[in-house]
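Notes follow the structure.
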Amino acid sequence: MGCRKDEIFATSGLQFPLIKFLDPPKKPIRNHFAFLCSIVASLSSILVGYDIGVMSGAAIYIQQDFNISDVQVEILVGIISLYSIIGAIVAGITSDWLGRRYTIVLSAALFFFGAIFKGFAPNYHFLMFGRFVTGVAVGSASLIASVYTAELAPTSSRGCLYTFPEVFVNVGILIGYVSNFAFSKLPTSLGWRFMLGLGIIPSMFLGIVVILIMPESPRWLVIQGRINEAKQVLIRTSDSIEESLQRLADIKTVVGIPTSYDDDVVQVPKQSTHGSGVWKELFLHPTPAVLHILTTAVGVNFFVEATGMNVVVSYSPRIFEKAGISSSDHKLLTTMGVGITKTVFVLIATVLFDRIGRRPLLLTSIAGKTISLIVLGVGMTIIEKSEEKNTWVVALCVAMVLTDVSFYSIGMGPMCYVISEIFPLKLRSQGVSVAMITNRIMDSIVGMTFLSLYTAITIGGAFFLYGAFGVVGFIFFYVVLPETRGMELEELEGLFGKFLWKFSNNNHNDINKGGWK
């Protein structure tokens, strides 16, 4: 059939006509509104990343200003991950009761007040209170960004949009490093306050933009019985009208609403609302599929942190000092190189997650990270045992740090957010909350023990330990993680519960054949 410009109009019960060309475009259409909403939701991750990055340099000046010990620095840097557990729990509740959208606004408000408290802190204890408020915001923002993106994104670009929170975490880390360098020339008692207080600007911007632009998650709207609102959001965030209607039908089926019910507002079965009975389904009476999903999500978040990325990001100036870089400016500039490298490679991951798939990227990521950690441990050991400064070993250690963050950013980092797609709708908020709590506990353990650990077993030994976790993590990922690329969220539960698959990407053709083939 030749190309025609005729258009077919239909209403299908919607508030505006559907427009469909007889000949589809040669290239797949990408939904720009979904793209915009995912960016806005992920802006909270800039604040998460900024706090991580800025503390790596600010801690040096805080230690000088307040005359605190290394142990107090460890606690100051690492305890925010423990505080963020509270935020993850709170966000898991508020995202079901208030909605995903207002939970993002809440996290922005917490970031705002946390930045004020830290910037004006008169002493170490008040600074720790500011860290507490920021920690709750970090946990809330980390959870809700992935949940919202999972529920809004169309299937064709879900992997790409999932990586946005990690992209913006890395952008935030880079901005934090730049802030360290920019304010390092100010008097000690003033510089770190500007570094930490600068967070009020993006937090104000985030709250305003979310209120003005972002719609509510369509899946949350269906759970509330607000069918017409969900339909309009799905139309705006799907690649086609047909896809939006199919997504709506799938969500209604999962929630327990007959697909024939098309009223603007419907009564939702009680057991499907507000996560009722979710904890029983997750822990007390999980199906084999749910148990497999929970194991996978918890395991991914465990090994992502157990392999020491928090150490490389939060203590990079100290690592470079141990490697033989003595100049403060050179340490901060090299640390900025870490931020730039992380940002570049996570941008590459945004393209690859929907083209190559989750599983190959994750396996490549942890394999490369493990090798770089082992080589970094060798280099640090040589430096510690050598009486002379070997330039080539210093260069090797710097290269391995950059290699480590490169491999992390191309797979493991984004996967913390992508993993939210595997939970069924009813279990998603609380399931992601459990995974995020695991992430935060491990992040705090690693961050709060690094200085003591390398004192006890040498800095080279610390990196060997992180590398050992990488080896175990590779085996875990190889065994438990199926490929989920190109599948609707409502279909993914069928991949889990059986370990009878062969390792390829053609899983979606064989879901109903007794396992992932």
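The backbone N, Cα and C atoms fix where each Cβ goes, and this holds for glycine too.
Annotated in TrEMBL:
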type	residues	note
DOMAIN	37-485	domain 'Major facilitator superfamily (MFS) profile'
TRANSMEM	33-63	transmembrane segment
TRANSMEM	75-95	transmembrane segment
TRANSMEM	102-120	transmembrane segment
TRANSMEM	126-148	transmembrane segment
TRANSMEM	160-178	transmembrane segment
TRANSMEM	190-214	transmembrane segment
TRANSMEM	289-312	transmembrane segment
TRANSMEM	332-353	transmembrane segment
TRANSMEM	360-380	transmembrane segment
TRANSMEM	392-419	transmembrane segment
TRANSMEM	463-481	transmembrane segment
Highest-contact recorded stretch vs the transmembrane segment (360-380), from 160-178, 332-353, 392-419, CB pairs under 8 Å: 392-419
Residue numbers, six or more beyond the limits of the transmembrane segment (190-214), whose CB comes under 8 Å of its CB atoms: 36-37, 40-41, 43-44, 46-47, 50-51, 54-55, 57-58, 61-62, 65, 101, 104-105, 108-109, 111-112, 114-116, 118-121, 130, 134, 176, 179-180, 183-184
Stretch-level contact, the transmembrane segment (102-120) and the transmembrane segment (33-63), CB cutoff 8 A, at least 3 pairs: yes
Annotated stretches the transmembrane segment (392-419) and the transmembrane segment (332-353) touching (3 or more Cβ pairs under 8 Å): yes
Chain residues outside the transmembrane segment (289-312) and at least six past its termini with a C-beta under 8 angstroms from it: 52, 78, 81, 281-282, 319, 338, 362, 366, 369-370, 373, 401, 404-405, 408, 412-413, 415-416, 419-420, 422-424, 427, 431-432, 434-436, 438-439, 442-443, 445-447, 450, 462-463, 466-467, 469-470, 472-473, 476-477, 480-481, 493-494, 496-498
Within the predicted model, mean pLDDT of the domain 'Major facilitator superfamily (MFS) profile' (37-485): 86
Contact set, same chain, for the transmembrane segment (126-148): CB under 8 Å, 6 or more residues outside the stretch: 38, 41-42, 44-45, 47-48, 51, 62, 66, 75-76, 79-92, 94-95, 100-101, 103-104, 106-108, 110-111, 113-119, 162, 164-165, 196, 199, 217, 416-420, 428-429, 432-433, 436, 439-440
